[in-house]
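Asker: To start, I am sharing the structure in question, which I have written as structure tokens.
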Amino acid sequence: MKPQLIESRGFQPETHTITTADGYILRVFRIVNRQLRNSGRRLRPRPLVLWHGVAVTSDSWLFSTLGAIDNRGLYRENNGILNDCDRNVTSTLAFTLSACGYDVWLPNTRGTHYSQDHITLNSNRDSRYWQFTLTEMAVYDIPAVVRYILQITNSDSVSYIGHSLGTAQMFALLSLVPDFEQFIKPFIALAPIAYLGHIESIGRLGVPLEPILRAFPGPLGIPVPIAQIIGIFVCGNELLVNLCADIFYAINGYDAQNFNKIYASAYSKNLVSIVPIDAAHSGASVSTWVYAHLAQLVVNKCFRRFDYGITQNQRHYGQATPPSYPLCNITSRNIALFRGLNDLLADNMDVSLLVQQLSVPLLDNYIVPDPKWNHQDFQLGTYQGA
């Protein structure tokens, strides 16, 4: 579905497969701006990585608002905004950045339906496939993708924009492998996640399930066909659409005014709600171990590695309890944080604690002035391009 969606907006899609050092095969999409490629100018667009959060795929960067690029290379959305990369910026980040000259890459984390292959393990039969945590997603997935992009583009570094768990992966990586910062310029963290002790999201209700999640490694999510049925027939029902929206608010924070609930369709003059589209792309499969890891971070109120239990901790770490990710080891001075005050997942107190633990100055520590700005607004907010 991804390549067709990219092509429908007037861009050229590419699909790349990348194998990590521990054998996981990731599918990565690339957005090629035909207008730049066909212009005859010798341009070298800067490679930029958009890394998605938990329970979604890189689709989440693509469907905020309908739009298309014209033959002049200008991207216009159906809300009437014409992107000029300066004063007027459109809302769908992936297409906006491509229209502004970036070489946009969209990775999909291991375990999502786009990236469930492995050189030896079968994700449908082998529970060992699902025995990975935030640490493996950080130290294997990101370096494999970044090094591949650097090789393909003959570049020295990439720009990295992460959302939610996509920021936690980078913080973990830079704390464990500080030298990797030379390849990331800059690291922009939207709704940054590290500490989770103060979350107020309904997702907190799953925390008591941590022992079960840890005991049974496997996929946890909504199969794509079922998610699509929910999106079309449940959240697409005008009597139920507000209920679906309320579920998103309970997860991310209430912001009905900024949640991009309706937009003009490219194919009709009717208003179409984005809620069923969001529902159809949510609930992507995640390892139960990743959810267990997040639950541990909520309970322990610290940013530390996976707790396997005392015996296995001794084997993995040489101690009874898991060590913290050493955020003080991060040396990059190319980090910018963007956060909202109404984010139920990346709580402002937790983000402030993250800032305190970083020993380097930030490029920016921006708080969106809208007091209702929530976790999802960075990808689906009506005014995210403002």
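Note: Cβ is positioned from N, Cα and C throughout, glycine not excepted.
No curator has checked TrEMBL annotations; they are predicted automatically.
When I checked TrEMBL for this same protein, it listed these features:
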| type | residues | note |
| --- | --- | --- |
| DOMAIN | 4-63 | domain 'Partial AB-hydrolase lipase' |
| DOMAIN | 94-179 | domain 'AB hydrolase-1' |
| ACT_SITE | Ser164 | active site, nucleophile |
| ACT_SITE | Asp343 | active site, charge relay system |
| ACT_SITE | His375 | active site, charge relay system |
Asker: Are there any residues in the same chain, six or more apart in sequence, whose C-beta is under 8 angstroms from the C-beta of Ser164 (active site, nucleophile), and if so which?
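Answerer: Residues satisfying the criterion: His52, Gly53, Val54, Leu190, Ala191, Ile193, Leu345, Ala346, His375.
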Asker: Can you tell me how the residues of the domain 'AB hydrolase-1' (94-179) break down into helix, strand and coil by DSSP?
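Answerer: Result for the domain 'AB hydrolase-1' (94-179), in helix, strand, coil order: 44 helix, 13 strand, 29 coil.
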Asker: Which whole number is the mean pLDDT over the domain 'Partial AB-hydrolase lipase' (4-63)?
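Answerer: Here the predicted model's pLDDT, averaged over the domain 'Partial AB-hydrolase lipase' (4-63), is 90.
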Asker: For Asp343 (active site, charge relay system), write down the residues of its own chain that are at least 6 apart in sequence and whose Cβ falls under 8 Å from its Cβ; none is a fine answer.
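Answerer: Set apart from Asp343 (active site, charge relay system) by at least 6 residues yet with Cβ under 8 Å, we have Ala191, Asn252, Gly253, Trp373, Asn374, His375.
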Asker: By the DSSP assignment reduced to helix, strand and coil, which category contains Asp343 (active site, charge relay system)?
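Answerer: For Asp343 (active site, charge relay system) - judged by DSSP and reduced to three states - the answer is coil.
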